[in-house]
């Protein structure tokens, strides 16, 4: 029914608007006033006799709350719909309610109402010495007892906080809603634990007069309070002691104000007090965080300042005089002189001053989260609303940009600050166990290092001394050194496209023409100091938009090269056929990735140089029509005229390395007359040869060129240009299966143990078991590869009939076929999510035993996005809270993937990482849930691990952690329980 504030921006303004909705009041006939407003003119005054002491706009901008006097000297909290205030059309619509809920549970006047930062709770406090925490109920509204008011919403009391001995004048939530602070005339500030209502965490004592206001540092390090004892105190939240007592600006002040509401700037640099004096005139004192200096203030009001409220956003605006971008904060000041002034920290004079807006003192102010709306209330019982345009108020920085400002100024944000932990060692046994575990861990590390030095690593098949000599078309000799690649990271996979497939004869080179593109980054300067008070915004200007906004990188055209390219660092000389790459040209054991046959975005491609027709395979032509782009999602495979692939598992004698030789266009047939066009058909052959003797064990002749091949000890598979798939025995050259006609052009081919895996250009995946001669799977992976960079490899996970195909994309995502669901499910996370995850808990060591022996970890390492060498750029602007939540979700997702693969080692590995994460982030509640699960029944619960053994291992991790003292009680509790269970078992 109600439109969110951020959805009603159609009601834009170009200049500031000021209005006073008369239906917002706390009178007895409040509902009648709301209903009869539509018949009155906008701005018509009504009789108000109930003061409104406080106002606060909800963080989502859908509603606002007011607190003040009610009927018969009681207190009243009213929740209003903001939409009729913002939009005149909504105000005149009788179907849109104005009053949402009226709450009359307070026995005394309500002095302060504040929404939590998350918007889940509303705190109200008053003269009855009670703080009530409200939460919206799922039940519908109803009539308020004893009146004609109809509540549209229902709000219930979550908790009633009692602990003050006098009237409560102000309340404030901490930046992360961890604490709630309340100020009272009993001279104290009480810190309440929001996680354990109604627990009092700390009582701050030190003021000798009525405490009339309290505010939090946006970073969470400090809390400030102002009192009638002519002082303001800044308290440290780490130990709740006084950081600074400020008295000089308040020496001449008298207790003439009902409340004193200070405020802290959103960048954390300035604390602005309420009532202060300078040469006998009322001011709002500016207190610099750096040294708590008090040499600046806001002047101009004729009577005492009652309330100050900063806009919750750091704002950005272009200076019309200099054209430079200026960052600043905005603050509203209310006074007993019935006026409001709005100031920018980048200007010497106020932006606007509104005189005589009320008939009595201004008591409270509130900004909307978007920063454009300002509300104020007065003792005369009325409310004023100011609507600013973005041109007037400025553009707010995003949350990420604000966090960058905080990180630059203070080294952390509000998300990084954690509640102070206990630093006293209560159990000496914990200290002894910690020292023993550290010593044991050190000895284990030393032994493992010695074993790595002394243990002989099984030698891989090394390079042979023989070289391969071949003759080019023009009669020149070409000598190619043979390189035998090592096993690929413990994988049994023989990959046709990654380990066996050479690149095409003429590669397409994507080079950057730096002479044609010039990217300019706008330099944003600091504010003009002539228009800024000395020192007031100097540090704000240091954090400019150059550090908070990413510069846009222009697109770079792609230049294709024709004949001019280099092979093995040497340029081609003379005429004739250009040199070709073979398997032995690689220096890292992996063939260069196939080049996509279509660009990812429209680019201007210069006309290539003339190239010999025979050097370009037909399958490498770039599709230009929509139909071709639609059909060929993956690049067609191609091979050069000559390729040699070592046969894995074959016996290697001295000087002789068995290889599979593929010769496309081996010899043109002379006996067949030329057909149409004058070209004779060519003959191609596949053979087995020994590099030492040069003899051939067997030869197979085919009439279509080989586009892709893969070899294992069981057999050799190759797909040809006519879309025929051949499978032959590498020992004698006999066909294991008749040629299989594929349903499309081959793109990639893999042979693993008994499986042949073929991926065609139209993203059709087919898997056969060539031993049992049956099809295992035929599915389309179009939805996986569309709009992506392609498939890196396809492999079978598991053994025997339980083996399941896994598709690994070049972007790092891995998908496994779920037989029961008949769908592809994702293992791991996407690249967009991974860059926001804490790298400590997501990366894997590529050559560790965990990565080679655990199925899930092995798949993730092969994807190339989870190893320490991954080029994934981790985002530095992600807030700590978001990164913490996404890391926890990632670890839990890994546990789900391990369960699906039925891999106990993987489950144990990621479960341990989850425990380490909880320990490092001091998430004791989550760690306790995890320990309770491990301490429960001994059965593994489907994970195949010993729970008690894992619990013992996790308790050792606590001893090794830097913050182990924080968990000393938790460790002692579960260590004793585990010890008792072990004794009972004996």
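For all residues, glycine too, the Cβ spot is worked out from N, Cα and C.
A TrEMBL annotation is a machine prediction, not a hand-curated record.
As written in TrEMBL, here are the features:
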DOMAIN    50-393  domain 'CAF1B/HIR1 beta-propeller'
REPEAT    103-135  repeat 'WD'
REPEAT    161-193  repeat 'WD'
REPEAT    204-245  repeat 'WD'
COMPBIAS  441-454  compositional bias 'Basic and acidic residues'
REGION    441-465  region 'Disordered'
REGION    564-619  region 'Disordered'
DOMAIN    733-934  domain 'Protein HIRA-like C-terminal'
Summary of DSSP states over the repeat 'WD' (161-193), given as helix, strand and coil counts: 0 helix, 20 strand, 13 coil
PLDDT averaged over the residues of the repeat 'WD' (204-245): 95
Helix, strand and coil counts within the repeat 'WD' (204-245) (DSSP): 0 helix, 24 strand, 18 coil
For the repeat 'WD' (103-135), the number of residues DSSP places in helix, strand and coil: 0 helix, 18 strand, 15 coil
